[in-house]
Each structure stands twice: as C-alpha cells, then as structure tokens.
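A.B. asks: Structure provided below as structure tokens; questions to follow.
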Amino acid sequence: AGGRRTSFPPPAQRPSTPPFDPRFPNQNQTRNCYQNFLDFHRCTKTMRKKGKDTSPCDYYRKVFQALCPLSWVQRWNEQIQEGTFPGKI
C-alpha cells in the first residue's frame with residue numbers, strides 16, 4: 001500500500017466544452033441546449049432536402065450533446081418521431 005499509484009489510461013478523445021455563445025451569456029444553458037438541438041435538426045433537414053452532405057451540421061449536434069441532459073434529447077427525439085414535438089423544425 002505504500003507509495004502505490006494507480007495509472008489511468010488517457011481518455012480516447014479530449015473532452016471539450018462548447019465555445020461561449022453571446023446569445024446565451026447566463027449560467028443557465030437550457031435555451032442554448034434547446035436552440036442547438038433545433039439548429040441541428042433544421043440543418044440536417046435542409047441539407048438532406050438539397051441532397052447535400054450533413055456533416056456541416058455536426059457542430060450543432062456536438063454542442064447540444066454536450067449541453068443537454070440525455071433524457072431531454074431522448075424525449076425530444078421520441079416527440080419528433082410521434083409528430084408531437086412542440087418546436088418548429
């Protein structure tokens with residue numbers, strides 16, 4: 001037990017936090033989460049409609065995944081599939 005250290009492997013990828021967004025200056029990031037969720041779905045819908053690659057939309061996905069609780073995202077995705085999502089996509 002004397003002087004033994006546990007070594008942890010480095011993370012597979014560097015954790016990242018979304019950059020500051022001046023539209024959402026407050027500590028509560030709920031609106032930022034929701035807006036990026038909407039922006040991601042609007043972006044992918046538009047890009048698919050135009051027959052273009054959706055990779056430019058990945059930024060919004062990364063941001064909402066970093067900010068939004070998983071339970072919210074799951075519920076919103078279920079609502080989208082059921083046609084009951086309250087936001088405009």
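For all residues, glycine too, the Cβ spot is worked out from N, Cα and C.
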A.B. asks: In TrEMBL, CYS43 sits in a disulfide bond; tell me which of CYS33, CYS57 is on the other end.
C.D. replies: CYS57
A.B. asks: Quick one: pull the CA-CA distance for CYS68 (disulfide bond) versus CYS43 (disulfide bond), whole Å only.
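C.D. replies: Counting only the Cα atoms, the answer is 18 Å.
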A.B. asks: What are the non-local neighbours of CYS43 (disulfide bond), defined as same-chain residues 6+ apart in sequence with CB under 8 A from its CB?
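C.D. replies: CYS43 (disulfide bond) has long-range Cβ partners THR54, PRO56, CYS57, TYR60.
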A.B. asks: So if I draw a 10 Å sphere around the Cβ of CYS57 (disulfide bond), how many other Cβ atoms end up inside it?
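C.D. replies: There are 19 of them.
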A.B. asks: Quick one: what's DSSP say for CYS57 (disulfide bond), helix, strand or coil?
C.D. replies: helix
A.B. asks: Which residues, sitting 6 or more apart from CYS33 (disulfide bond) on the same chain, put a CB under 8 Å from its CB?
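C.D. replies: Expected: PHE64, LEU67, CYS68, TRP72.
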